[in-house]
Amino acid sequence: MTKLWGNKKVAEYLGFIFVLAIASVTRLWNLAFPQKLVFDETYYVKDALSLASEGHEKNWPEGADAAFESGDVFSYLSDPAFVVHPPFGKWLIATGMWLLGPDNATGWRISTAVLGIATVALLMLVAYKLFRSTKLALAAGFLMAIDGMAITMSRTALLDAPLTFFLLLGFLFFLIDNKQSRLRIGYAIQQGKSTLLWFRPWLVLAGLTLGAASAIKWSGVYLLAAIGLYVVFSEILLRRDSGEKSWARTGLLAQGVISFASLVPVAVATYILSWLGWINTSGGYSRNWAEENSLPGIFGALPGWAQSLWNYHEVIYKFHVNLSEDHSYQAHPITWLLGLRPTAFFYETYTAGQMGCESDTCSSAITALGNPLISVFATAALFYLAYRYLKTRERVIGLVLLGVGALYLPWLLIPERTVFAFYAVSYLPWMILGLVLVMQILYRASGGTKLAKFLVIGFFVVATLVSLFFLPINIGLVMPFEQWQLRMWLPSWI
């Protein structure tokens, strides 16, 4: 028995290493291509460099991209840049440039690549915490490792791969807290003791990491709010179902306040700390606003930097709510689940002999296109889980839906905004969790027949082949133009 247990554990560790190896190869191989600023890298990479150098973002002269790509990376101007996302994600990008240099594309992208790999590892941990199944954990990690959109976003110095990592890390800490708090409340009720939970270190860590996520993109606040509400109301219901007499008053007025204090202030503090470079320098956009202006009422007593930061956030908020300019690759959130309008980050054509082109005309494309098979089945799984949850109220299903709902549904409320399909990478881990959960449900319902095993294995084989087929347009491999056309299954993908 000991030998069998040991062999099983070895197989599990080897599976974990295998999945991470796939994630590493797909995200690190030829990361320096192209030696060009891809899509919004033109903002985030250059902003990261000036942020790390000056403490805040600077404007750049016209034509700066070509100079930057050729190694002239310090040609930013003296006047501050107006930026619409918080600084933490750019600090992360700057860390990679500090390690490997700002004059090469590997330095620009290494931080997002490493965080993309770490996200795969995190997803396996989250899946294991949720399902207590190594097989499901490895399955979830494998699908994340081979998904084309996850690969592309990890290989590009944008903010969304770091955002996804910190969202998932915060969710992991929340899961640990949730399990411990349920046990502690249940035990306290059995012993006739107070059920108030004063010390919740994992919830504090969840607040810290979700504050960091919000300091990358404001959409991190969605998951922070959803988790906060879940913590309060799930524990109210737990107290009620356990027979606690004052379950409503204790859960809402007492424990609710304590939980809020454990989660939200640390998130706010983490968010503000991400602005420390802007606070400690005087040349940032709106940094000196409070020298000639003041917030109304008692807010005018705040320190000057705090008033200026508040004003800056008002300007950023107005920008976001009024952002409705047309873009050739904008995509309505309704289309995100199935990847109907993926974002093309990079496209160049070559003639015979250029870049190894062996055809009359070749293409190199980087498109944030997910694996279509994963997208279709994960979407179907999502709707099935929503239906099943309405009937059964299964806790695990609710937790999966919490992640998807918090990070996807708010986008449906602002259909007039200029938004892009690659934002979906932030909730992709929860879509994959839902998919593997439904696989388990259906497999168990079948009684584990040979046909069921064949279908499950067949899905992973076909999903792998589909990912391999689309991999060239996820990472920019040079191919004959006809091969690129062959991968444009829908007109909306072009």
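In case you wondered, yes, glycine gets a Cβ from its N, Cα and C as well.
Quantities reported herein were computed from a predicted structural model and do not represent experimental measurements.
If you look at the transmembrane segment (12-29), the same-chain residues 6 or more away from its ends with a CB under 8 A from one of its CBs are 113, 116-117, 120-121, 124, 134, 138, 141-142, 144-146, 151, 154-155, 471, 475. TrEMBL lists 12-29 (among others) with the feature transmembrane segment.
Taken from TrEMBL, the feature domain 'ArnT-like N-terminal' covers 89-243.
Marked as transmembrane segment by TrEMBL: 107-128 (among others).
Feature annotation from TrEMBL assigns transmembrane segment to 135-153 (among others).
Annotation comment: TrEMBL describes 159-176 (among others) as transmembrane segment.
Taking Cβ pairs closer than 8 Å, the transmembrane segment (197-215) reaches residues 86-89, 163, 166-167, 169-171, 173-174, 176-177, 180-181, 184-185, 221, 223-224, 227, 231, 255, 258-259, 262-271, 273-275 in its own chain, all 6 or more past its ends. The transmembrane segment annotation in TrEMBL covers 197-215 (among others).
Only residues 6 or more beyond the boundaries of the transmembrane segment (221-238), in the same chain, are considered here, and those with a CB under 8 A from a CB of the stretch are 167, 170-171, 174, 177-178, 181-182, 185-186, 203, 206-207, 210-211, 213-214, 247-248, 251-252, 255-256, 259-260, 263-264, 267, 402-403, 405-407, 410. What TrEMBL records for 221-238 (among others) is transmembrane segment.
Residues or ranges marked as transmembrane segment by TrEMBL: 250-273 (among others). Sequence-distant neighbours of the transmembrane segment (250-273) (same chain, 6+ residues past either end, Cβ-Cβ under 8 Å): 86, 195-198, 200, 203-204, 206-208, 210-212, 214-215, 224, 227-228, 231-232, 235-236, 239-240, 244, 309.
The annotation domain 'Protein O-mannosyl-transferase C-terminal four TM' is assigned in TrEMBL to 307-493.
Taken from TrEMBL, the feature transmembrane segment applies to 365-387 (among others).
Feature annotation from TrEMBL assigns transmembrane segment to 396-414 (among others).
TrEMBL lists 420-442 (among others) with the feature transmembrane segment.
Residues or ranges marked as transmembrane segment in TrEMBL: 454-479 (among others).
Highest Cβ pair count under 8 Å relative to the transmembrane segment (420-442), across stretches 107-128, 159-176, 365-387, 396-414, 454-479: 365-387. Contact between the transmembrane segment (365-387) and the transmembrane segment (454-479) is supported: at least 3 Cβ pairs lie under 8 Å, counting only residues 6 or more apart in sequence. Non-local neighbours of the transmembrane segment (135-153) in the same chain are 12, 15-16, 19-20, 22-23, 26-27, 112, 116, 119-121, 123-128, 160-161, 164, 339, 342, 345, 366-371, 374, 422, 424-425, 428-429, 432-433, 435-437, 439-440, 460, 463-464, 467, 470-471, 473-475; each lies 6+ residues outside the stretch with a CB under 8 Å from one of its CB atoms.
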